[in-house]
Amino acid sequence: MTTLTDTPSATAEKKARTEFNKLQKRLRRETGRAIEDYRMIEDGDRIMVCLSGGKDSYTMLEILRSLQKSAPVSFELVAVNLDQKQPGFPEHILPEYLQKQGVPYHILERDTYSIVKEVVPEGKTTCGICSRLRRGTLYAFADRIGCNKVALGHHRDDILETFFLNLFFGGKLKAMPPKLLADSGTNVLIRPLAYCREADIQAFADHQQFPIIPCNLCGSQENLQRQTIKQMLQQWDREHPGRSEIMFRALQNVAPSQLADSNLFDFQSLQAAAIPLTPAGEDSGMSPLAETRVNTWSPSA
Ligand code: SF4
């Protein structure tokens, strides 16, 4: 509440604080809702939080830590970063940050950068293979440290982008699920930020002044198709606010019988029920045929 004695700068500060509190509450609420809807976290879980040094993973760690304090279940969080030996990777940033926050962590070192440079031809995008190598190393490490869950920082907009990438370029109706079993079958991957907007995460990260480590130290460009999709979604949201929410809701509201995938719906066995014969003119008043005039002609008449 503004009082008569407030200076303009104190008022602006109060307003900014209120806005930030709202943003934080929204991120907590949406993360909590996703966790509950998909039963992402259970009592006794030991969760490996993958921390890349980008805005999404810092925000995820921060929100999970804050939810941990008031959650009805008890769970552990362990931050893990993979140093992929990209040139100029600032090794000191994450250890300093995590020690300051009092978060237990592991930093792994594996030179996936050299592998990627060796196997990907010059000029081709390297993100696909780089991410696969990173995931493989991290998931195997989760087993080693006894983590039954692995938390990834993908948010709602990442999920929608992936959906459209698969739709436009892959010929598949497929996105990134909020929860899935890792290929190894030994741990479950969760995406607690699945309901959060990227813009909210960006605003939160800016406010918190996280020590961001850019992902393009390797010199690679973000996948061009993904950039195009991102711009398309941003433009849609500007022109039709709320469209992304609606599209995300559609991912949670699938009607397999209204699509065309025989593996999801048994079209082969679709059979009409036998129709009881009704003498002409005896349709019940409820039937749409009761008020329908029928003109019949047949060549044999
Ligand atoms: S930008 Fe570089 S480090 Fe990031 S995923 Fe792509 S190849 Fe890997």
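Cβ coordinates are placed from backbone N, Cα and C, and glycine is handled just like the others.
According to TrEMBL:
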DOMAIN    47-211  domain 'tRNA(Ile)-lysidine/2-thiocytidine synthase N-terminal'
MOTIF     52-57  motif 'PP-loop motif'
BINDING   Cys127, Cys130, Cys218  [4Fe-4S] cluster binding site
REGION    280-301  region 'Disordered'
Task: Averaged pLDDT score, the domain 'tRNA(Ile)-lysidine/2-thiocytidine synthase N-terminal' (47-211) - done: 95
Open item on the list: I'd like the per-state residue tally for the motif 'PP-loop motif' (52-57) from DSSP, helix first, then strand, then coil.
Closed with: 3 helix, 0 strand, 3 coil
TODO: By Cβ count within 10 Å, point out the most packed of the binding-site residues listed: Cys127, Cys218.
DONE: Cys218
Open item on the list: Using the CB centroid of Cys127, Cys130, Cys218 as the [4Fe-4S] cluster site centre, which other residues of the same chain sit with their CB within 8 A?
Closed with: Val116, Thr125, Thr126, Ile129, Ser131, Cys215, Ser220
